[in-house]
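Worksheet: one structure, shown below.
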Amino acid sequence: MSRSPSPSPSKSKDTTDWRVDDATDTPPSEFEAEVTSHLPTLRGRRLTAALAVVAGTGFTLFGYDQGVMSALLTANQFEKVFPQTVVPADGSKPEHATLQSFLVAIYEIGCLVGALSNLWIGDRLGRRKTIVLGGIIMIIGAILQASSYSYAQMVVARIVTGLGNGLNTSTVPSYHAECSPAAKRGSFIMIEGSLITFGIMISYWIDFACFWAQSSSAQWRVPIALQILFALVLIGGITFLPESPRWLVKNGRNAEALAVISALDDKPPSDPDVQRTFIGIREAVAMEGGAGKASLRELFHRGPSQNFRRAALGIVNQCFQQISGINLITYYATLLFERLGINDRNSRIIAACNGTEYFMASLIAIFLIDRVGRRKLMLFGSVGQTLTMVLLAILGAIDNSATQVVSAVLLFVFNSFFAVGWLGMTWLYPAEIVGLRIRAPANALSTASNWIFNFVVVMVTGPAFDHIKWRTYIVFAALNAFIIPVVYLFFPETAGRSLEDMDVVFALAYREGVSPVKVSLRKDVPLAGSPEADEILGLAPQDHQGNVIRRLEEKRRAGDA
């Protein structure tokens with residue numbers, strides 16, 4: 001799409017407003033030329049679609065890597081190379097259940113380390129370079145996995161793959177959220193959540209297709225190696241996309257940021273909406289201490305910005321996704337169906353169908369997230385998950401052929417509730433709830449929370465089913481029930497608000513001494529970038545972009561008149 005022409009100073013005396021960079025005192029003509037030089041080739045819907053495809057590829061890769069091991073654990077060629085993972089039906093080698101779980105769960109440790117590394121490199125490299133680095137590391141890890149000939153090598157390879165995935169999962173949601181309009185941000189990120197299940201679904205069907213190659217190690221090497229294709233698309237695609245405008249402003253690259261905002265909105269840089277977004281981002285940076293890298297101590301700040309509360313909400317949100325028990329199904333789907341008395345082949349078919357239904361259910365959230373809101377979907381999902389786990393425990397205690405069939409159906413039901421309420425939510429909500437300055441380190445910690453509890457759940461699932469059987473479902477029923485009151489009491493609504501609007505919500509709640517949940521549900525909260533919001537944030541007009549704000553308001557009033 002062609003670039004929009006820059007406004008000419010001869011047409012209107014007001015068109016120079018957007019070209020004044022107060023932070024660097026850059027002359028108007030130079031700032032105008034710099035903005036124009038950075039306008040992306042892609043604009044509007046094309047740019048938005050490209051962002052969705054690339055971000056979605058990252059999450060398809062994430063889902064594929066999560067699901068691919070499910071059926072491989074019981075593949076005969078996999079068991080031949082890794083006999084330590086074979087769990088005898090007679091229970092004669094109980095340590096094998098632990099080794100099997102460890103091989104699956106060690107991936108989460110790699111993801112944890114990768115996510116935590118974003119505390120130091122996320123803001124230093126920027127969103128795009130971090131994603132490229134994560135993709136390269138995942139390719140290296142996939143090559144090591146696909147060429148493994150020993151248990152130890154496979155363990156190391158899964159850690160390496162996890163490092164790359166940890167970097168990507170703690171960066172891609174922030175990058176996509178920072179490049180999305182408030183009205184559609186929820187739907188866009190929910191599409192990413194659906195693509196996680198799309199990746200899982202693909203991995204299940206590829207595992208099933210390769211299951212028939214029972215005389216070759218290609219039975220498990222090919223499914224693992226195929227994830228390299230997704231990583232190559234991710235790396236190639238990101239090179240054609242602009243950097244996040246929020247990160248650019250934070251690092252003092254204001255002309256580039258204004259150019260990207262203009263392209264995302266498909267409007268000229270002088271447009272009032274583009275100006276409001278640009279000014280709102282700069283005010284957020286100013287309120288949070290200006291440009292530069294955030295220190296870990298800032299995560300514990302309270303005050304009007306409420307950094308600690310907001311970072312904690314993101315961390316708890318990611319924790320809740322994992323303690324729901326979803327990954328005892330994702331990672332062990334084939335094994336769970338085999339435990340219900342279903343034969344080897346049919347278990348794989350049903351697991352693949354389960355992944356397909358999981359993907360289809362996830363599409364529902366895309367259409368509901370911006371209409372219904374975040375809180376209601378989280379509560380809906382948690383209630384449904386609780387009831388499903390209770391029924392699985394009851395039927396597990398009875399354990400006959402009829403209850404086994406119903407239990408298999410309930411595993412589909414659980415996936416459906418989770419897909420609507422929690423699948424994409426925990427990649428959207430942490431990116432929305434925290435402020436710009438701490439977004440990279442806070443999302444690194446929240447994603448680390450996801451992987452810590454993911455590791456715990458996956459690690460204990462095998463031994464738990466071996467020792468307490470169906471009672472494992474009671475544990476997860478209690479955990480899901482616990483989530484419901486916590487979400488209701490402490491999780492603010494973010495639907496329909498820009499990322500900078502949430503700064504205003506928390507500052508207003510602090511000033512009035514009320515819960516941010518109550519403020520988030522109000523309709524009278526001023527928009528970020530407005531004089532009313534400046535006053536709530538403690539920013540006097542002359543302190544930051546004051547002249548631009550006043551000129552913008554005067555222009556708007558003149559237009560209304």
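A Cβ is built for glycine as well, from the same backbone N, Cα and C atoms used for every other residue.
Taken straight from TrEMBL:
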type	residues	note
COMPBIAS	11-22	compositional bias 'Basic and acidic residues'
DOMAIN	51-495	domain 'Major facilitator superfamily (MFS) profile'
REGION	1-37	region 'Disordered'
TRANSMEM	47-64	transmembrane segment
TRANSMEM	99-119	transmembrane segment
TRANSMEM	131-152	transmembrane segment
TRANSMEM	188-212	transmembrane segment
TRANSMEM	224-241	transmembrane segment
TRANSMEM	349-370	transmembrane segment
TRANSMEM	377-398	transmembrane segment
TRANSMEM	404-430	transmembrane segment
TRANSMEM	442-464	transmembrane segment
TRANSMEM	470-491	transmembrane segment
Between the stretches 47-64, 99-119, 349-370, 404-430, 442-464, which one has more Cβ pairs under 8 Å with the transmembrane segment (224-241) than any other?
47-64
Average model confidence [pLDDT] within the domain 'Major facilitator superfamily (MFS) profile' (51-495):
86
Long-range environment of the transmembrane segment (442-464) - Cβ separation under 8 angstroms, sequence gap at least 6:
87, 97-98, 100-102, 104-105, 108-109, 111-112, 115-119, 122, 162, 166, 169-171, 173-174, 299, 307, 310-311, 314-319, 321-323, 325, 327-328, 331-332, 426, 430-431, 434, 472, 475
